[in-house]
Amino acid sequence: SDRAKFVMPAAQRLLDEHQLSASDVPATGPGGRLLKEDVQAFIRNGGK
Amino acid sequence: MTKTAHHELVILGGGPAGYVAAIRAAQLGINVACIDENPRFGGTCLRVGCIPSKALLESSHLYEEARHRFADHGLKINGIEVDLDAMMARKDKIVDTLTGGIDLLFNKRGVTAYRGRGKLRDVESIEITPCGGADADQPTIVTADQILLCPGSVPARLPSVEEDGDRIGNSTTALSFPEVPEKLVVIGGGYIGLELGSVWNRLGSHVVVLEAFDRVLPGLDNEMANLAHRAFKKQGIEFHTNAMVSSARVDESQVKPCTVEVVDGETIYCDRVLLATGRAPATDDLGLAAAGIQTDRRGFIEVNEEFQTSVPGVYAIGDCIGGAMLAHKAMEEGIVCVERMAGIASEMNYDVIPAIVYTYPEIAMVGRTEEQLKEAGIEYKKGVCPLGANGRARTLGDTDGRVKILADAETDRVLGVHIIGPRAGDLIAEAASAMEFGASSEDIARTCHAHPTLAEAVHEAAMDVDDRAIHTA
């Protein structure tokens, strides 16, 4: 979704390193926050 | 003639659970009343718990500092004395101001206050019997659309300990000893026993703590409890662990007025005894049976996730429903419970409730201990920052302590934070916020912390989780 998300700082770092966009990754944190662990899971699952 | 009144919500108990719920309800436009049997609102916390104990801890700590630490700063004072009456008066004044503050808040928000002993007559009415005093009145019967029970807790008693409320008493007694006891026996090495034991130890008592288990401060992370135990011993508190008290009684025929017998141990003679083995729900005499409200076998009121008791329309929160018996847990439940009544989808997060022991050093924790993580089979990483590596701690002259952060080995999510040292109770707030937001240890590490502050130790510990702390090696 292109919905604006709040991205946690460590998640942003990981997104940047993997040239990902926050809108690609499903967020599971409180209040829809994108967590580091969300990005990790996304990468581990091969970008799904 | 009996007076009657009706309110949409009637709250029984004006402690942290009840008074907070009352104010929040009034803010939400609910016609709310709060009943309390004591001359002051505020409950255990404000009258005979958190607030007075912290006042005495602060005063006695300053005395200790003045005697033993001022010299380190090049400050010489001669002849410092304890004026116990003045110390108690200061404590009483703080309690007075804060409990009086609740009356002002009730007034301002439009909460109806009833002073008297409330007892359920049935599921929708409470009889309030005045407890005497100037405004003694006939009983009042209040009816309510909804009832919220917040009766709180009382110090647990032991059949083998003969409390006379003077020589042998509970935490309330120990907040107002008329003189510094020469020898004080504390039964129970939990936070209440150690906080009040610390107060009197600092003021000159020989304090002996008898703990039934093999360690003090149950519930705290082992490492932190052990560090604390060592510190308290160094301060002169005498500990007997695995010590079961078989009897404690006043016996004026002995040289010391109190006699405490320990199973397979020596008999201890002392001036005063503090029984601090825990707290029990104050659910007797509430008329619970009359209303058909169920309690468990220990007397805690059983509630569902909405804080509703076995009877629709009757709710219960705070110490009376068990869980962590902490003021802020009760306050949070008060807000969540009342907001839900008003249709707000409020959530209570029991995973993030900080707990603090206000001894010296202070100990604070939020989340899970290492032991709990091991037991649950959760792999974790650990980051530690000793306060010796913290510039601010050095300037304060307070370098005994550490911050420990436990993070999930795979996801880096912060699972628990444990702090021992100066102002640990204030430092834990950052960790609680971080956990509430689902933070990883890296999130804390990437947050700019002011320098020089004790909070930097939290920052460093977060960096240490990934072995990249700057100021420790």
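Note: Cβ is positioned from N, Cα and C throughout, glycine not excepted.
From the candidate list B:G118, B:G265, B:G278, the residue TrEMBL records in the NAD(+) site shared with B:G188, B:G189, B:G190, B:Y191, B:I192, B:G193, B:L194, B:E195, B:E211 is B:G278. If you take every residue in the domain 'Pyridine nucleotide-disulphide oxidoreductase dimerisation' (B:353-462) and average the pLDDT, you get 97. If you compare Cα positions, B:A327 (FAD binding site) sits closest to B:C45 out of the recorded positions B:C45, B:I192, B:E211, B:H451. The CA atom of B:C45 (disulfide bond) is located 11 Å away from the CA atom of B:D319 (FAD binding site). Under a cutoff of 8 A between CB atoms, and with a sequence separation of 6+ in the same chain, the neighbours of B:C50 (disulfide bond) are B:A327.
Take the Cα of B:E211 (NAD(+) binding site) and measure to each of the recorded positions B:G118, B:D319, B:M325, B:H328, B:H451: the nearest one is B:M325. Within the same chain, the residues at least 6 positions away from B:L326 (FAD binding site) whose Cβ sits under 8 Å from its Cβ are B:I353, B:A355, listed in sequence order.
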